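Participant: One structure, as structure tokens, below. Some questions next.
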Amino acid sequence: MAAAEVFGGCVLEGSVRVSGAKNSTTKLLVASLLSDRKCVLRNVPDIGDVRLTVELCRSLGSIVHWDKQAEVIEIHTPEIHMSEVSAQFSRVNRIPILLLGALLARCPEGVVVPCVGGDAIGERTLNFHFEGLEQLGAKVAYDGHGYQAAAPKGLIGAYITLPYPSVGATENLILASVRAQGRTIIKNAALEVEILDLILFLQKAGVEITTDNDRTIEIFGCEDFYEVDHWVIPDKIEAASFGMAAVLTGGRVFVENAEQHLMIPFLKTLRSIGGGFSVTETGIEFFYNEPLKGGVVLETDVHPGFLTDWQQPFSVLLSQAEGSSVIHETVHENRLGYLRGLQKMGANCELFYQCLSSKACRYATGNFPHSAIIHGVTPLKASQLVIPDLRAGFAYIMAALIAEGGPSLIKNTQLLDRGYYNWVDKLNSLGAKIHLLSLDPVAF
């Protein structure tokens, strides 16, 4: 396992380029399996989840050429050679579950995918996926090792209402509907920018697909596809992460390729606590503007709300903001466990099982620590921490950048490689002092 020695007391200054979005690239690669035509993706980040998805597609029959220097992937899947996804992809991330929709579209006689993995931030149940696929005519079963699905009569368009605007379920049902007979309507769909990027990609491929502001997506089944050349949107999570690190350390960083329209809720909240930013045609400059002011209620939500993946790094900012602030996590029920690591560093925060905001969320009656109060300002001290998940990992790195009393040892940093391209070199180029280490697993 990997680890990093992170020295505190640095001020981040300079320029950094944000990469293509992880959560878009991986889904577009899966979407390419729907077509037997060539697809070209540009602005592709060389990160763990993308590498894994490429290998997954290759295992199914895709021909992939990846020019990593040019950040371009050319993928062509004239035939699906295997409709059973190898167990080697079990429990590593959540991409395999999307293959139920994509592979059923081309192999309705039956597909098998392994159990999913990903960040340990809650149950993230798959019921919405399975119920929607069954409405399209599929039969789905779980045997303890993976999921089997078949559509003996083929997939048939349907009217589907999701109980919650789940991103993964929306993506899966879109993929399954592309080759289904007739029209499919998905109500209460997620409309994250990565889903809109997927819709744009499918339109280029010849699919008749539209979306409305009332969370409705309409898809007409398609059999003939076009070649696609598509530019992946910039990663709004990476852009915000570097922006927060700049403000936290009292620095000034220009994030090239950051796009304002993808980050409106984040930028609003950052400004509300005193963080500075300036938008240009080529990116966004983030800077320390004034002492940070707390007293805010930060409630995560589906788009267009405050993104759950922004929440963890933002909590470090709140630990350095004057006053008490509230976090109410409404997307994932078990995402606040990382705060115990910040407490170890000296952050003054409390976890709560009830909803601490003006409205109750779907976890109000569950026994989940999904709210927190963070009291600032509290100095942070260097510590040894183990990263529990991807975004908590960046939060720990941020905290270590301002920690007093020697370097922090942050373990499990390989999780950061899943979503942040070249993160050590990028931060060090801005003035951070981070050394990667390789530790004996026994040390964990």
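Cβ atoms here come from the backbone N, Cα and C positions, even for glycine.
Positions annotated as phosphoenolpyruvate binding site by Swiss-Prot, on the basis of sequence analysis: Lys22, Asn23. The annotation UDP-N-acetyl-alpha-D-glucosamine binding site is assigned in Swiss-Prot to Arg94, Asp309, Val331. The active site, proton donor annotation in Swiss-Prot covers Asp119, and the record cites sequence analysis as its basis.
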Participant: Provide, as an integer number of angstrom, the distance between the C-alpha atoms of Lys22 (phosphoenolpyruvate binding site) and Val331 (UDP-N-acetyl-alpha-D-glucosamine binding site).
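Facilitator: Cα-Cα distance, Lys22 (phosphoenolpyruvate binding site) to Val331 (UDP-N-acetyl-alpha-D-glucosamine binding site): 19 Å.
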Participant: I'm trying to understand the geometry here, so how far is the Cα atom of Asp309 (UDP-N-acetyl-alpha-D-glucosamine binding site) from the Cα atom of Asn23 (phosphoenolpyruvate binding site), in Å to the nearest whole number?
Facilitator: 11
Participant: In the structure shown, which of the binding-site residues Lys22, Arg94 has the fewest other Cβ atoms within 10 Å?
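Facilitator: Lowest Cβ count within 10 Å among the binding-site residues (Lys22, Arg94) is Arg94.
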Participant: Per DSSP, Asp309 (UDP-N-acetyl-alpha-D-glucosamine binding site) is which: helix, strand or coil?
Facilitator: helix
Participant: What whole-number Å value do you get for the CA-CA distance of Asn23 (phosphoenolpyruvate binding site) and Val331 (UDP-N-acetyl-alpha-D-glucosamine binding site)?
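Facilitator: With distance taken Cα to Cα, Val331 (UDP-N-acetyl-alpha-D-glucosamine binding site) is 16 Å from Asn23 (phosphoenolpyruvate binding site).
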Participant: According to DSSP, which of helix, strand or coil covers Arg94 (UDP-N-acetyl-alpha-D-glucosamine binding site)?
Facilitator: coil
